[in-house]
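Here is the structure we will look at, set down as structure tokens.
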Amino acid sequence: MGNSKSGALSKEILEELQLNTKFTEEELSSWYQSFLKECPSGRITRQEFQTIYSKFFPEADPKAYAQHVFRSFDANSDGTLDFKEYVIALHMTSAGKTNQKLEWAFSLYDVDGNGTISKNEVLEIVTAIFKMISPEDTKHLPEDENTPEKRAEKIWGFFGKKDDDKLTEKEFIEGTLANKEILRLIQFEPQKVKEKLKEKKL
């Protein structure tokens, strides 16, 4: 997307990222230098993205979730993210405005990219999320959502869908905005990602 490899971030991309995220010019410029050091080509691969995510969760297995996050931001499906896509991915998974976040969450759950979500797709993402929850934390989850299957069932039940029904983006966003319980169940906001962003160690 037109990222310069000379070591300076283009003014257009800088302005766009400042507009779409809460990051400052200094933060973005600093991350860009680090990004180029790690990825001299100016692009990050699925494997590299997975490795970065793994650093946040040394005691868990974030590979599956990281792959889904990567897929949802790889807009042109070329198997890489440029700096802009990478920063937006980190922003959306750690902060993000609710509506933007829900649009992203829909694309995360729409595993096959066909514009609707099935119950099986919900289970696939929830299973990936559970791999990042420590066994200790899992013990503290309510009885009706302490396994991926139970949580997927609970989410699907909130939307009032039959097992073989599909969920559109409009239904997903409206349903989630109307019910904070769904919002809590569908998202996973890694606190460690937020902490790393604050430390500017990405």
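Heads up, residue numbers simply count up from 1 along the chain you see.
Cβ coordinates are placed from backbone N, Cα and C, and glycine is handled just like the others.
Among the features that Swiss-Prot reports, N-myristoyl glycine is placed at G2, with the record citing experimental evidence.
Residues or ranges marked as domain 'EF-hand 1' in Swiss-Prot (evidence: sequence analysis): 24-59. Averaged across the domain 'EF-hand 1' (24-59), pLDDT in this predicted model comes to 87.
According to Swiss-Prot, the domain 'EF-hand 2' annotation covers 61-96.
Taken from Swiss-Prot, the feature Ca(2+) 1 binding site applies to D74, N76, D78, T80, E85. Taking the Cβ of E85 (Ca(2+) 1 binding site) as centre and 10 Å as the limit, one finds 20 other Cβ atoms among all the protein chains shown.
Positions annotated as domain 'EF-hand 3' by Swiss-Prot, on the basis of sequence analysis: 97-132. With a cut-off of 8 Å between Cβ atoms, the residues of this chain six or more beyond the domain 'EF-hand 3' (97-132) that come close are 57, 60-65, 67-69, 71-72, 138, 147-149, 151-152, 155-156, 161, 163-169, 172-173, 176-177, 183, 186-188, 190.
Long-range contacts of the domain 'EF-hand 4' (147-182) within its own chain (CB-CB distance under 8 A, at least 6 residues past either end) are made by residues 98-99, 102-103, 105-106, 109-110, 115-119, 122-123, 126-127, 129-130. Residues annotated as domain 'EF-hand 4' in Swiss-Prot, with sequence analysis given as evidence: 147-182.
Annotation comment: Swiss-Prot describes 189-192 as region 'Interaction with GRK1'.
Residues annotated as region 'Modulates EF-hand 3 domain calcium binding affinity' in Swiss-Prot: 191-202.
The site 'Interaction with GRK1' annotation in Swiss-Prot covers K192 and is backed by experimental evidence.
Cβ crowding, taken as the number of other Cβ atoms within 10 Å, peaks at D74 among the binding-site residues D74, D78. The binding-site residues examined here are N76, T80; by Cβ neighbour count within 10 Å, the least packed of them is N76. A strand conformation is recorded for T80 (Ca(2+) 1 binding site) in the three-state DSSP classification. A Cβ within 8 Å of the Cβ centre of D74, N76, D78, T80, E85, the residues given for Ca(2+) 1, is found for these other residues of the same chain: R43, F73, A75, S77, G79, L81, D82.
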